[in-house]
Amino acid sequence: MRLFNPSMASGSNSLIWFRKGLRIHDNPALEHAAKGSYFLYPVFVIDPHYMEPDVTAFSQGSERAGLNRIRFLLESLVDLDLSLKRLGSRLVVLKGEPSQVLIRCLKEWSISKLCFEYDTDPYYQALDNQVKSYATAAGIEIFSPVSHTLFNPADIIQKNGGRPPLSYQSFVKLAGEPSWAASPVSNALSWLPPVGNCSTTEVPSMEELGYDDSAKVERSPFKGGESEALRRLRESLSNKEWVANFEKPKGDPSAFLSPATTVLSPYLKFGCLSSRYFYQCIQDIQRTVKKHTSPPVSLLGQLLWRDFFYTVAFGTPNFEQMKDNRICKQIPWKYDDELLAAWRDGRTGFPWIDAIMVQLHKWGWMHHLARHCVACFLTRGDLVIVLIVMWALSSNLLSLFIDIAPIPDSLCIGKKGVMSLRDFLLILIGQSIMGTGCGSHAPHFFTSTTEFILQSHLERSTILMGTTLGIFFRY
């Protein structure tokens, strides 16, 4: 490899900052970074905010992620590094506060072009603004395309008069057909410029991050990475009849050996699979069959649901909480830490509910109908459930999921700010295009103690207030 020579490469060094978008296919930021560059630095920053062990958490993991999700991310990074090496490059893994690390890299490597995928998460929006502020002042070109979603959420909101659409139907009407869909997305990268001379480390192991990952316990069957994502995509789409007749929410949540849906949600969440490429693959199949299901229940419709939730989350201040959230009804939820812990840990005494929660702890995943069941078991009265859910609320159970997105795929809207049972199902499946079930986790619970059985009329002893369902997000 040629040695790094700042004077020789002046004006031609590029940096692509990976966060999501952990893939080679359909990666416009990567393609733009590679064009005309002498050296290209593909950077991923190990962010302590996301990856550092949190000893105060109720289960192993960080403040924002459980072990399954962290492991999935590391597997995805290893796979990305291997793909980059096949193209003559490699992943530059650094550690620290991301904005500080990026600004230092821009200076030390004489970067003239900075590329990264646009992110709607408020945490990354704040980081991006810091980095962009420095880059702009330094005269560095910035390219930050929207490629994690089918549409640019800002465009949809602008079309709707500056406010996000609050129904799926209005979103679909505003969105129309994606502007990029007329031609195939690019999957043509055959080489990349080399990485300049810089110090870096390999993708760390769980142990190197400070986690005890040696225990012989059942692990999630869902391995991270673009290679696995594309394999699962090919497998799912090989049955054209199944794709054409796909209809959600139909499906068997107890299916175990054969997935009921695609299990692609975690790969979409981390950007190992492009939602745009997935969209076009579905369209290609639909063109070859006589008839097929349509949105909102079709497979294509699930991707539109995903974009809908991203758009509403992006355009709603304080979307992650009940307080000061204009689309969330303010409810005086009741606290009961003992009952909440029983539900969280799979100790309610109801075999089906407990089996689902055990599956979540072991796999970091559950079927969309199972998510519906445990959420309604916790919170639901006879008619409606009124709460706001955020798919990345830190330090709580939802971080246990491997397929939960930082903001979207959760919502509390509808008539007078109240959700029906059906609407809440849509919250819990927002980005979840997935399969397999929790049947294998059930037998243990038929001998469970009834000490923690919850009363049938849960509305009389609701154990949740505004953001408490965040405990549902960790694995």
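Cβ atoms here come from the backbone N, Cα and C positions, even for glycine.
According to TrEMBL, the features are:
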- Thr261, Thr262, Val263, Leu264, Ser265, Gln302, Leu303, Leu304, Trp305, Arg306, Asp307, Phe308, Phe309: FAD binding site (BINDING)
- 12-150: domain 'Photolyase/cryptochrome alpha/beta' (DOMAIN)
Helix, strand and coil residues within the domain 'Photolyase/cryptochrome alpha/beta' (12-150) as assigned by DSSP: 58 helix, 29 strand, 52 coil
Find the longest CA to CA distance in the recorded FAD-binding set Thr261, Thr262, Val263, Leu264, Ser265, Gln302, Leu303, Leu304, Trp305, Arg306, Asp307, Phe308, Phe309; express it in Å as a whole number. 20
For Leu303 (FAD binding site), the number of other Cβ atoms found within 10 Å of its own Cβ: 22
Fewest other C-beta atoms within 10 angstroms, as judged across Trp305, Phe309, which are the binding-site residues: Trp305
